């Protein structure tokens, strides 16, 4: 359908109410609360650690300790898709919190490096579950009008956890050497307890309920989490269609064909995908890869090393500088949550990655100048500190939250859990590689060379996002698949057409739409 025909159709169906002044849409408070509780799972990831001299470990051991948890989390993320389809999204969140609770306690009571690694293993499995299930549950419970806002909550809590970790690192540094870092790791058990209590008030995902034939329960959840009764009915009809249930079926409980054990899903994702599914898989895995390959974990985990290289040698000053990093990340991720559904995913992501490229380039130049200078250059020191803060700010305003929002909303219902798990697997593997090689990389090509490398990767990422990722703002989850199938960015761009009542209709340019 052409743009002109769409506008004519909208004009023809106008009623008297369409000429009333547009009413300001209120956010659904019930969906908001559900998203917050689900996303609390992700705060568990934020307790970044800097193991002190207590264990007398080498740089290589620190690299492994910080990065290995990402590989451990692959176990959780690979199991989370099957688990969430089996026991439901809500109880998978409880399971994730319980696993991390055990891991945090083990890390807090670690007597040596080996025991600490075992605690990281347990916590890593919980993190893998959390990273997969929180965005999926939130996307499935949220109305389309505020899905970007609500689905970005996991990233908000990750950044909040990083900030708390930095602050606790500073606070606990005042304690004795043996107690300080163990206290910081042990307090990670507290959010998991709060999460387990809070989850009792959460509903199950309406999409999971429909997949299980529990239409009556799904209808009640949709009535609470939608902006209107009409939207709830529309969402239910679309979910039923995606699950293969006739739209005319209004029973509270229906028989649904049992899904396979997942083999068919994986085949549809990777072996015999349609053009649209292939495009979705490439987009989801690509956005996860470039988010981490641009070096964010190197900055977050090793910011004290970066600041030390820039000329800050006092331990207290380095810790305070890392607190500033956490504060900037948190402030800008909060700003991103309020712009995702207004600006759209694509423009915000391209602007964000463009800012990351400039920040990384300037940081690399500044650190290279410092490395080759025999005296302390205050302008280069100031530039390095400013660019670290600029990088985490631009990352948090777009690439950070949009990765989780985008990858959780583009997969069809039948593929969502496993597709999201595959994205998390790529994310954690790339994160592990970056965090476990940064110190070795700086010794091999200098710290400035490492950031030149990350800058190049971020540049390739910007080209990938511009070419491959269509806009998804305002689309229902069931309608998402129609946006994919071609890699031409102009053909993929969705153009919003607004009528006088402020309603938005999405026109997919360059595709065949039947009327």
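Positions of Cβ are set from backbone N, Cα and C atoms, glycine also.
Note that TrEMBL annotation is computational and uncurated.
Predicted, not measured: the structure shown is a model, and the values here were computed from it.
Database features (TrEMBL):
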DOMAIN    1-473  domain 'Major facilitator superfamily (MFS) profile'
TRANSMEM  30-50  transmembrane segment
TRANSMEM  62-79  transmembrane segment
TRANSMEM  91-109  transmembrane segment
TRANSMEM  115-137  transmembrane segment
TRANSMEM  149-167  transmembrane segment
TRANSMEM  179-202  transmembrane segment
TRANSMEM  319-338  transmembrane segment
TRANSMEM  350-370  transmembrane segment
TRANSMEM  377-406  transmembrane segment
TRANSMEM  444-469  transmembrane segment
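The stretches the transmembrane segment (62-79) and the transmembrane segment (350-370) are not in mutual contact, being linked by fewer than three Cβ pairs under 8 Å (pairs 6 or more apart in sequence). Within the same chain, the transmembrane segment (377-406) stays apart from the transmembrane segment (91-109): fewer than three Cβ pairs sit under 8 Å, each pair at least 6 residues apart. Among 91-109, 115-137, 319-338, 444-469, 444-469 has the largest number of CB pairs under 8 A with the transmembrane segment (350-370). Model confidence over the domain 'Major facilitator superfamily (MFS) profile' (1-473) is summarised by a mean pLDDT of 77. Remote same-chain residues near the transmembrane segment (444-469) are listed as 279, 282-283, 286-287, 290, 293-295, 298, 305-306, 309, 345-346, 349-350, 353-354, 356-357, 360-361, 363-371, 406, 438, 487-489, 492 (criterion: CB distance under 8 Å, separation of at least six residues from the stretch ends).
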